[in-house]
Amino acid sequence: MAMKSQKAKPISNKSKLERSPIEMEVVSHLKQLQGEHAIAVGLSGGVDSSLTAALLVEAGWKVEGLTLWLMEGKGSCCTEGLVDAAGICEQLKIPHHVVDERSTFQKEVVENLVNGYQEGITPLPCSRCNRFVKFSPMINWARKNRNLKRIATGHYARIKHAETNKLNSLDERKNRHQLLRGIDQNKDQSYFLYDLSQEILGHVVFPLGALTKSFTRKEANRYGLRTANKKESQDLCLAEKHGSMKAFLNNYLPPRKGEIVLTDGLVVGEHDGIEHFTIGQRKGLGIAWKEPLHVINIQPSLNRVIVGPRDQSGRSNCTVGEVNWVSISAPMQERLVEVQVRYRSDPVKAKLVPIEPTIKDIKNNRPHRCRIEFENPQFSISPGQAAVFYKGEVVLGGGIIQPFEY
């Protein structure tokens, strides 16, 4: 599919003396990767994916740009993003391909998100989009249509690829591709990537994993990339398109009034739909009370939101389903891990206890489930969000926090 693009400036010439030590290290690493140096770069039209493509070109790779068209409108993966991605490919003098994934995005992300909110949970659309819409379709399209066996994206994470010549080693770490946090702690996106399979990780490269966001901006400007100073989205793409998450949900779900109650059943307010609430939420409840109230639980069957003081929302454990084990195989025994239950939250110490999977886990081809026992009570644990397990910087695995009762 051909897209019209604005006239782009040619990429700036850079001598080796102008390169920073960090950039030289990244380029050197890319040059040393085994296999044919031909790759498709997932271009969203933002600065991160733009620099990813530029670094690969600098490292001497045969690069082709690949953009997924997910929806109409402004923003990355929308019509506006396609134009910027095409402009970057023009600057870098590389081919640009657009793949229409709007129907897949609608089914796997939009419908799943709306259904989740109806069920009183807070889904994590970014990880689902990565698993079902972005990585697998890009890998399959690049392999089938361009005979390219690798893809690269601008995610801030790292992959330590398996030592293919030691696949029979007793050392499990050498038998699996490992997913690691990005160097930039403020930008690390490994939390959203826990759901990627070993097969996918084997075909993926993350050139920005060793860089910081500020360095990326600086380098993009030095390259003269047209997206170097493009404003970064601060919200979910669907919320950005519609102006807010509430506006997005209002397009799909009509208002349905219900009660807001305390944990003892006392009615303290009214709401227009449980989909506008998430556990731990304090702002926007529309309730004047003698003390701050937080959402403690959501009961979809009763169309009811339960609120209370923050100390009533603490949990010592939670169940995690549809678990994907990334850097290790599924543990058969209890083990100590660090768990991150929200994107911007700090990892906390916990004990992971394997338990029997449900039929849903098995049907979703994720036959693993576990109970997480926190060292200290945790607040604002939201069903539908991901619980991702770490050991230091290594992503062990992760899954979906399951609904619970108070």
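Cβ atoms here come from the backbone N, Cα and C positions, even for glycine.
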- Out of Leu30, Leu68, Leu179, Leu180, Swiss-Prot lists as part of the ATP site with Gly42, Leu43, Ser44, Gly45, Gly46, Val47, Asp48, Ser49, Gly154 the residue Leu68
- Message: Helix, strand or coil for Gly42 (ATP binding site)? Use DSSP.
- Response: strand
- Query: So which recorded positions out of Gly42, Asp48, Leu68, Cys129 end up within 10 angstroms of Gln385 (site 'Interaction with tRNA'), measuring C-alpha to C-alpha?
  - Reply: none
- Task: Name the one residue among Cys129, His155, Cys237 whose Cα is closest in three-dimensional space to that of Asp48 (ATP binding site); these are the recorded positions.
- Result: His155
- Query: Far apart in sequence but close in space: which same-chain residues, 6 or more away, have a Cβ under 8 Å from His155 (site 'Interaction with tRNA')?
  - Reply: Asp48, Gly182, Gln189, Phe192, Leu193, Phe206, Leu208, Gly209
- Task: Please classify the secondary structure at Cys237 (disulfide bond) using three-state DSSP.
- Result: helix
- Item | Helix, strand or coil at Asp48 (ATP binding site) [DSSP, three-state] | helix
- Query: Could you give the maximum C-alpha to C-alpha distance in Å for the residues Gly42, Leu43, Ser44, Gly45, Gly46, Val47, Asp48, Ser49, Leu68, Gly154 that bind ATP per the record?
  - Reply: 16
